[in-house]
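Enquirer: Look at Swiss-Prot and you will find H125 tagged as active site, proton acceptor, backed by experimental evidence. Sequence annotations record features per position, and here Swiss-Prot assigns substrate binding site to S13, G14, H15, D35, D36, G56. Taken from Swiss-Prot, the feature acetyl-CoA binding site applies to H134, I155, G173. The feature site 'Increases basicity of active site His' is assigned by Swiss-Prot to E126.
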Amino acid sequence: MARTEKIYIYGASGHGLVCEDVAKNMGYKECIFLDDFKGMKFESTLPKYDFFIAIGNNEIRKKIYQKISENGFKIVNLIHKSALISPSAIVEENAGILIMPYVVINAKAKIEKGVILNTSSVIEHECVIGEFSHVSVGAKCAGNVKIGKNCFLGINSCVLPNLSLADDSILGGGATLVKNQDEKGVFVGVPAKRM
């Protein structure tokens, strides 16, 4: 549910457009797009509307999140009404989390700040998705999976139950993780192997 009638969306690419759709689905009446340009400043005199960061790149999203937070803006979550979220799941409040249409988050899963859960992704029971990670369209984490911070799970990738993926790792599109990966890396294929 929208907290203000207007929302700032930082990022005006295709990802920004889908964030606008989710914001309007939540009841925001107007989305004000902001994007990079030389000398951009967040003035304290700007109206304090809700704020969302629509940047797909994890590292850039994290840096902008810190900058905007320091300037007193409230960074909200955008959660599409079609998402299915267990009452026992933990989604950090006011943490810049994006939950797209038809996402499923099951019992006692935890979603940390700055996470993107893209369309139709599935986060099963007791999973943890670390800060500023991005779970792409149709990606699935089976029960009790631990995804580190700043990770990227490619489109239609899959992580089998009880496995973990180290911080700053990438699981390629269509890949299936079948064993723990405790050191960061890029993993592709079925079964997923380090590149």
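Every residue gets a Cβ built from N, Cα and C, even glycine.
Help me picture where these features are in the structure shown.
Expert: Within its own chain, H125 (active site, proton acceptor) has S86, N106, A107, K108, A109, G143, N144 as residues 6 or more apart in sequence whose C-beta sits under 8 angstroms from its own. The secondary structure of H125 (active site, proton acceptor), as reduced to three states from DSSP, is coil rather than helix or strand.
Over all protein chains present, the Cβ of D35 (substrate binding site) has 13 other Cβ atoms lying within 10 Å. According to its DSSP assignment, D35 (substrate binding site) is coil.
Other Cβ atoms within 10 Å of the Cβ of G173 (acetyl-CoA binding site) number 16 in total over all chains. For the recorded site, G173 (acetyl-CoA binding site), the DSSP three-state label reads coil.
Listed in sequence order, A107, K108, A109, G143, N144 are the same-chain residues at least 6 apart in sequence whose CB falls under 8 Å from the CB of E126 (site 'Increases basicity of active site His').
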Enquirer: Of H15, H134, the binding-site residues given in the record, which has the fewest other CB atoms within 10 A of its CB?
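Expert: Candidates: the binding-site residues H15, H134. Fewest Cβ atoms within 10 Å: H15.
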Enquirer: Determine, using Cα-Cα distances only, which of these binding-site residues is closest to S13 (substrate binding site): H134, I155, G173.
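Expert: Its closest listed neighbour, by Cα, is H134.
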Enquirer: For H134 (acetyl-CoA binding site), what is the secondary structure by DSSP, using just helix, strand and coil?
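Expert: DSSP assigns H134 (acetyl-CoA binding site) to strand.
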Enquirer: Counting only residues 6+ apart in the same chain, whose Cβ is under 8 Å from the Cβ of I155 (acetyl-CoA binding site)?
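Expert: S136, V137, G138, A139, G173, G174 - these are the non-local Cβ neighbours of I155 (acetyl-CoA binding site), listed in sequence order.
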Enquirer: For G14, G56, listed as binding-site residues, tell me which one has the smallest number of other Cβ atoms within 10 Å.
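Expert: Output over binding-site residues G14, G56: least Cβ neighbours within 10 Å is G14.
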